[in-house]
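As recorded in TrEMBL:
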- 22-275: domain 'NADP-dependent oxidoreductase' (DOMAIN)
- Tyr55: active site, proton donor (ACT_SITE)
- Lys80: site 'Lowers pKa of active site Tyr' (SITE)
- His111: substrate binding site (BINDING)
Amino acid sequence: MAAVKNTAHTFTLNTGDKIPAIGLGTWQSKPHEVRAAVEAALRAGYRHIDTAAAYGNESEVGAGIKASGVPRDQVWLTTKLNVTDHKRVAAALDDSLAKLGVEYVDLYLMHWPASVIPGQKAVYDDWNFVNTWSEMQKLVGTGKVRNIGVSNFAIKNLEILLNDPSCKTTPAVNQIELHPCNPSPKLVAYATDKGIYSTGYSCLGSTNSPLYTNATLKALAEAKGKTVQQVLLVWGIQKGWSVIPKSVTPARIQANFDIDGWGLTEEEVKTIDGVTDRFKVCNDSWLPVKVFFGDDE
Ligand SMILES: NC(=O)c1ccc[n+]([C@@H]2O[C@H](COP(=O)([O-])OP(=O)(O)OC[C@H]3O[C@@H](n4cnc5c(N)ncnc54)[C@H](OP(=O)(O)O)[C@@H]3O)[C@@H](O)[C@H]2O)c1
């Protein structure tokens, strides 16, 4: 197993671009914490940072990238279009680029398949995520985005998008919640079949994660002499998706990247696949439309 180098591993997207298997997440990373976290991660060797307009921290993420001294072209940078910006896609991207202080992002995701009217808990009646995707498709030719993708798309909504005649570019990525208690095998298989690569968010189970006390995961991690977090990350990568663990704690940022030189056996992957508890970190109750339909398992 000495040759296993999870931290240098990449997955190839339908555009031919290679997304690093592990990146740093930044949701709920407070503005005064996230610059240092991004800098620490890049200094530790991370080459993939995940942010979003909705996280309100793009300026500090950009500052962290600059402070790290790692050249821009060596960092995979993902940001996301906010739900209230669906009618101003090009302008919203420009806002993100200005805050991040970069000329382009490697991946621009539609954060949620919901076109929300700013200031209201309602969606437009003359606009939907298919219209938004049409606008996103135009971004590729501008040089401001290398890849476009979606997030939080269930099979039902992927089908609506892919079957629409206006959809000329298949999303490169669908970023979705993926951990042993929300494994979504049908959704991942559907996306893979369509050439859409999955990235797993809340891969550690998010804030106050119940996964850390899961008996199966604890026993397996202990037997391997690894932390539950390291086991969760390697499980995700071996399942075939990239993982974007969030931390603002330097020792954890380092430990989450200490995943080289070992792997999980097929049997161990199966054991984790066999965890039957279920929970979802991100639901759709805060949105004016339903986006999850239980069609993922
Ligand atoms: N597309 C979407 O809609 C969406 C939704 C959710 C998340 N995401 C993305 O996915 C990223 C990851 O998901 P997430 O932020 O929900 O949660 P996560 O990465 O699953 O878990 C983060 C939590 O785990 C803690 N943690 C991290 N490493 C640890 C370790 N080694 N030991 C103990 N605790 C540890 C962190 O604490 P500290 O920070 O205090 O160290 C934080 O509380 C997000 O940051 C975001 O970039 C995207």
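Here the Cβ of each residue, glycine as well, is placed from N, Cα and C on the backbone.
TrEMBL does not curate its annotations; it predicts them automatically.
Locations of recorded TrEMBL features on the structure.
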residue: Tyr55; record: active site, proton donor; CB count, 10 Å: 23
residue: Lys80; record: site 'Lowers pKa of active site Tyr'; CB count, 10 Å: 27
residue: His111; record: substrate binding site; CB count, 10 Å: 20
Three-class DSSP secondary structure - His111 (substrate binding site): coil
Inter-residue C-alpha distance, Tyr55 (active site, proton donor) and Lys80 (site 'Lowers pKa of active site Tyr') (nearest angstrom): 9
Averaged pLDDT, computed only over the residues in the domain 'NADP-dependent oxidoreductase' (22-275): 98
DSSP three-state assignment (helix, strand or coil) for Lys80 (site 'Lowers pKa of active site Tyr'): strand
